[in-house]
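So that you can see what the record holds, here are the features copied from TrEMBL:
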{"type": "SITE", "residues": "A:Lys498", "note": "site 'Determinant of potassium independence'"}
{"type": "TRANSMEM", "residues": "A:23-46", "note": "transmembrane segment"}
{"type": "TRANSMEM", "residues": "A:149-176", "note": "transmembrane segment"}
{"type": "TRANSMEM", "residues": "A:182-200", "note": "transmembrane segment"}
{"type": "TRANSMEM", "residues": "A:253-271", "note": "transmembrane segment"}
{"type": "TRANSMEM", "residues": "A:277-297", "note": "transmembrane segment"}
{"type": "TRANSMEM", "residues": "A:309-333", "note": "transmembrane segment"}
{"type": "TRANSMEM", "residues": "A:356-380", "note": "transmembrane segment"}
{"type": "TRANSMEM", "residues": "A:401-428", "note": "transmembrane segment"}
{"type": "TRANSMEM", "residues": "A:434-458", "note": "transmembrane segment"}
{"type": "TRANSMEM", "residues": "A:504-524", "note": "transmembrane segment"}
{"type": "TRANSMEM", "residues": "A:558-579", "note": "transmembrane segment"}
{"type": "TRANSMEM", "residues": "A:719-737", "note": "transmembrane segment"}
2 protein chains.
Amino acid sequence: MSAVLLAIGGENGAALTGSNTTYVIIAAAIALLALGFAAGLVKAVLATDKGTQKMQDIAGAVQEGASAYLNRQFKALAVLVVIAVGLLWLLPADGGNSIRFGRSAFFIVGALFSGFIGWAGMSLATRANLRVAAAARVAEGGRETAMQIAFRTGGVVGFLTVGLGLFGAALVVLLYKGDAPTVLEGFGFGAALLAMFMRVGGGIFTKAADVGADLVGKIEKGIPEDDPRNAATIADNVGDNVGDCAGMAADLFESYAVTLVAALILGSATFGNQGLVFPLIVPALGVLTAIVGVFITRLRKSDKSGMTAINRAFYISAAIAAVLCGAAAYAYLPSSFSGLATKDADILAHSGDPRLFAIGAVVIGIVLAAIIQALTGYFTETSRKPVRDIGKAALTGPATVVLAGISVGLESAVYTAIVIGAAVFGAYLLGGGVLLLSLFAVALAGCGLLTTVGVIVAMDTFGPISDNAQGIAEMSGDIDEKGARTLTDLDAVGNTTKAITKGIAIATAVLAATALFGAFTAIMRTALEKSGADAVSTAAKLDEYILKTLNVSDPRNLVGLIVGAAVVFLFSGLAINAVSRSAMAVVFEVRRQFRDFPGIMDGTQRPEYGKVVDICTRDAQRELITPGLLAVMAPVAVGFGLGVGALGAYLAGAIATGTLMAVFLANSGGAWDNAKKMVEDGAYGGKGSPAHEATIIGDTVGDPFKDTAGPAINPLIKVMNLVALLIAPAIVLFTLGNDMNTGVRIAIAAAAAAVIFVAVLISKRRPNAVDAAEETNGSEAHEKVNA
Amino acid sequence: MSAVLLAIGGENGAALTGSNTTYVIIAAAIALLALGFAAGLVKAVLATDKGTQKMQDIAGAVQEGASAYLNRQFKALAVLVVIAVGLLWLLPADGGNSIRFGRSAFFIVGALFSGFIGWAGMSLATRANLRVAAAARVAEGGRETAMQIAFRTGGVVGFLTVGLGLFGAALVVLLYKGDAPTVLEGFGFGAALLAMFMRVGGGIFTKAADVGADLVGKIEKGIPEDDPRNAATIADNVGDNVGDCAGMAADLFESYAVTLVAALILGSATFGNQGLVFPLIVPALGVLTAIVGVFITRLRKSDKSGMTAINRAFYISAAIAAVLCGAAAYAYLPSSFSGLATKDADILAHSGDPRLFAIGAVVIGIVLAAIIQALTGYFTETSRKPVRDIGKAALTGPATVVLAGISVGLESAVYTAIVIGAAVFGAYLLGGGVLLLSLFAVALAGCGLLTTVGVIVAMDTFGPISDNAQGIAEMSGDIDEKGARTLTDLDAVGNTTKAITKGIAIATAVLAATALFGAFTAIMRTALEKSGADAVSTAAKLDEYILKTLNVSDPRNLVGLIVGAAVVFLFSGLAINAVSRSAMAVVFEVRRQFRDFPGIMDGTQRPEYGKVVDICTRDAQRELITPGLLAVMAPVAVGFGLGVGALGAYLAGAIATGTLMAVFLANSGGAWDNAKKMVEDGAYGGKGSPAHEATIIGDTVGDPFKDTAGPAINPLIKVMNLVALLIAPAIVLFTLGNDMNTGVRIAIAAAAAAVIFVAVLISKRRPNAVDAAEETNGSEAHEKVNA
């Protein structure tokens, strides 16, 4: 029992020894090396050819729109960060005021890093897109250069992600040593909160523009994607950058940071000082292999598609990471558990070999990444059966395309969830019956996964850059057929890499969340001990109280579980709804322009691109408030309303349903998109056929699935997890503490629930574009909606 | 602690006293009264006008197809029942061989009742449909009579459901007294297993025919629904009967039986003998109020729609039920907990009033039913905002219709889940800190819900009968515009009532499952005690072991939880896929007939309706195997593989995700269907407009949602719950028992997992209709698919 509920943080910590400090400093130095490589790659990318003047003009417009959006978003989020820091300061923390100050300060650092990576990713992507387009124009070797520029730009974002994540965590460990866990909570929370808002806001922007553009352009007017006559096309390209680039980069940084935080918290409790160092060594080695991975990604003439080159680099760098981590475990860790710096008797008495334990856990994480890569590829690549089946379903119309995509998504989610579950179970078994060790093994598996993040981010950023390059090339018209073909191929690869990233991201959410359950229990225990209540006055009573509180079969906990699952559904529904609403506003604006400027269709008049960018910017800001409040307030309502046990069950429910929902949404969306590409490549009648129209409808349904709701579930889970960790002591205080006050507790819960309810109501009452359009014409509708 | 983990069954039971026996006999007599009323109503319905010869011919064909399907299904299920009885016999049971025999015998009774109600519902529906159509032809008062026939036919099924459910449970209590709980598990399992297969099989049949008919008829050929030129139209009408009638009736019976079983198991443990009687008194009163409800449902001239009349009857009968149950609690229960026949010290010492406790719980159930009724109405009625919003989305095409429906479904699922959660929490609070009492309160709330089931079943059966009547009228052509209008209105009401039933059914699943967690824990405890293992050799060790096993934060349990949620996704995906596959076969067959018999279009040739019925029959039988195996084998794999705690978490995960998924699928489907009806009534361009086409696509997507996957989740949860209860002792035996054998345990888990895996693979490898069609023409494709 003792190991299960051991207090985490502080107790085992103490000061780092000299050699351990050296290792942490080396990890920080490797993190800075990654940042250096990022700077070098930026220079190399910017040095390439910028293409024709027309291309530069278009890219300039995209860049301007993207910067305007991000500036506006940062202003809004700055207010939020200030409020959050204030609230954070109010919450009790172990270790006194200096730790509480550190937690708030590193909350800001986490948020700043998250925001910076998003901004940097977007800035560079808007400069790389036209360079990729320019490279594709070169007849000899153009395909290879275009791929390399896109991938290396992604590499920059990858290096920034791993560099800043590792640097931040190492810094906290150096400064706060044994108290690092509490401060790390702040760092992770800052990263996750900002990432969630950037994911949701960017996701709404990009899909409102994309769906809106498709509905009028492809479906009503029959003009191709990225046709310059479509007023929404610049907004669509801006969206690729603010959603798929900035939002994704912030999200991946958050995944990196929170997983690392979970490993350090558990490591400190399990391995003592060594546990604060080893989880930094693993990702530091990951940085080195990421550098290798990014530089060996080169398209060979013999490669069938960009995916071949990417897969090769991914698997090679994963294998190197596994070998290096094994060597590090042998070099750094003692050969028996009794040699560890921990004070936990169960762990010291454990008969295994901590080196094998650590290697096993890290390898589980790396293998998990590789399996998700393969599985997602299977379900979303154009050459495989699932996507081909969706394409075939187009023969019987859009309804069967939608149904087939939903089936594929549901099924793929199941396999991914079971693989993640198997990884957790495998790590659990490594603990050999000591629960705390099992939890640390889960967290170390997360670190294993992190070694692949550098390459994963590079792969993902690759997607929107290729998409944008295609857009710029098509709009400028300055490209021949072969060059266009190159860019289309790269774009299809991007759809698969994007789905893979989402699978990996959600896997980090599950691993981090499972590990953080240990921290949650420990925080509960410390707070209960402090309460001095009679019900927990002896160690045995305390143990029993905690176990009873966290009992699966308690009806309160079942209610918590159902509400946790429900929040995932509500969040997804709100995000999809937000896209529908904003997309309708875009549709009416584009229709208005076609009507008011008849010259657009024959090319004699230029559409007002900026108006659509404005609509998307405003709507994205407004629409992200409700899901954001839901994420922060729902754990408060459940925790204070139903108790700390129900809050734990709530997290478990959100994790289980969230994992499935996230993969379902990502993979069905990716599969529909590629089914459309398959038909566009000539299958079942090709472009313009009824099958094409049917797959366009499938793709449009999938847009908010894969790029708004789905990817936002990962930061949602992390945010809720960290909010739960932060409020747990306060809940215990109000339930059992000396200043126990049921009235205040219920009032807090009711207030949180009311905030959510009002926010949902307001977002539903917002006049939607169609309401307005029913009475007036599109133009006035637009004015009304955005008044 | 003691109350939490008290053994349920046997311990408190003993013999019933004389007066208690009398009450049980009275309950059984009331059950028989319900069956008598059913017989009377059958006579009354059959005495009404059968309409024109043409109508009778069509109805005859539908009747013949439906009987053929059901006979074939029963033959297949008979084999299954025999296998299940064999396996059931192998599982250990408390109370010796006579109890084990009783469990198996009542498993068969449960299955037979479930099957009989399905058969009876279908038989009567296929006779009532043409009578409703005939009544609608009468100019004066036809609307009122048509509604009455449809509703009274539903009443027969309602009376059979409550009559047989109550009679079966009362019989078990009379025969087995204190041992009733174990035998009741068998009764509930038989009912649930058969219902699940009938729900899935019927659901695949009905939607394969419906989707297939719509894809070719409405979308490709532009002919109306139920046009006799469509070869799938008879199959579509058969489907209404075998899926929406037979499947639904079996499902509702199962809900009734399992909820009652849960209440009796918990009642026996909590209230002693009185707890075996009171849960029978409540539904017995429900039978009386159902009789009132069915007879007062009369359409007044002033009623805007059939829904008004149905709502009126529902709320009146619910109010009467609440009053009667209150009176019964005062008449039957003692005024203090110390007056109960239980031996549990915590309960005897409880300071509340058991009469208020019981009334509170029952009223919570009745109010829950009323809120679900109102909530579902809001989200699916044509006159309310959500459906109107979906209709509006049709202005921007099918993609936005699909997205809007998904948003509505997700959102409505959240509210329904939260309302159900609130009911569980309310019941929990009634327990005043004694967990076992809380669980019994949850079960009693389920009994409160059951008092409304008679009317609910009548409401639901109403739907497919109206749908069929419309089909028969349209195909025969023997009806004027006013009569057709009447039938269309009744059909739209049917869409809402069907969604309501599904909401109520899933609520029973949550309440029963939550309550059964108490039984699960108790069974675990008994088995652990018997194991004689050192880890559970003292009461304190046993308590700690159980609590640790069921700890939310144990990674194994989190894995169980994720797998439980995943099974719901997989089951839904398989069901939707099965419909897509079978529908494609129907599409190719109907296309072939249009091609081979060119006279069909101008009415000179008659389509071969029987061929489509055959395809649906064969496909439904074949396709239900995989989801069926999944439901039975997944708990076995998880339980034996990850342990009994993970199995508990698995159930919790399945309940949470299943509730949301079931309501999401039911309500989005119902809302799409009614959005289509709204456009057909003239909104946004009316029939034949692009908006109409968009809503038809939405409706087609919703078909397998609302009528195949969604409603099958309720029996799925029940089946998995009961399988878990039945295998729990065996799992404990293999984990901790004297003949502990890890190898055998892992082998059982692996075998169960392998069965699922192979079944999924086989169902995926099945050549689908499109594969075949690619190489050959439709006719040959069909031969191939069904070879």
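Backbone N, Cα and C define each Cβ position, glycine as well.
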Legend entry - Cβ-based contact of the transmembrane segment (A:309-333) with the transmembrane segment (A:182-200), 3 or more pairs under 8 Å: no
Legend entry - A:Lys498 (site 'Determinant of potassium independence'): tally of other CB atoms within 10 A of its CB: 27
Legend entry - Surrounding residues of the transmembrane segment (A:253-271) on its own chain - C-beta under 8 Å, 6+ positions past either end: 6-9, 11-13, 110, 113-114, 117, 160-162, 164-166, 168-169, 173, 178, 180-181, 184-185, 187-188, 191-192, 194-196, 278-280, 283, 340-342, 344, 347, 354, 436-437, 439-440, 443-444, 446-447, 449-450, 453, 504-505, 508-509, 511-512, 515-516, 518-519, 522, 714-715, 718, 721-722
Inset, instruction - Determine whether the transmembrane segment (A:401-428) and the transmembrane segment (A:149-176) share at least three Cβ pairs under 8 Å, counting only pairs 6 or more apart in sequence. - result: no
Inset, instruction - For the transmembrane segment (A:434-458), name the stretch out of A:23-46, A:277-297, A:719-737 with the most CB-CB pairs under 8 Å. - result: A:277-297
Inset, instruction - Tally Cβ pairs under 8 Å between the transmembrane segment (A:719-737) and each listed stretch (A:277-297, A:356-380, A:504-524), then give the stretch with the top tally. - result: A:504-524
Inset, instruction - Could you tell me whether the transmembrane segment (A:149-176) and the transmembrane segment (A:277-297) have 3+ CB pairs under 8 A, leaving out pairs under 6 positions apart? - result: yes
Legend entry - Stretch of maximal Cβ-Cβ contact with the transmembrane segment (A:149-176) [cut-off: under 8 Å; candidates A:182-200, A:356-380, A:504-524]: A:182-200
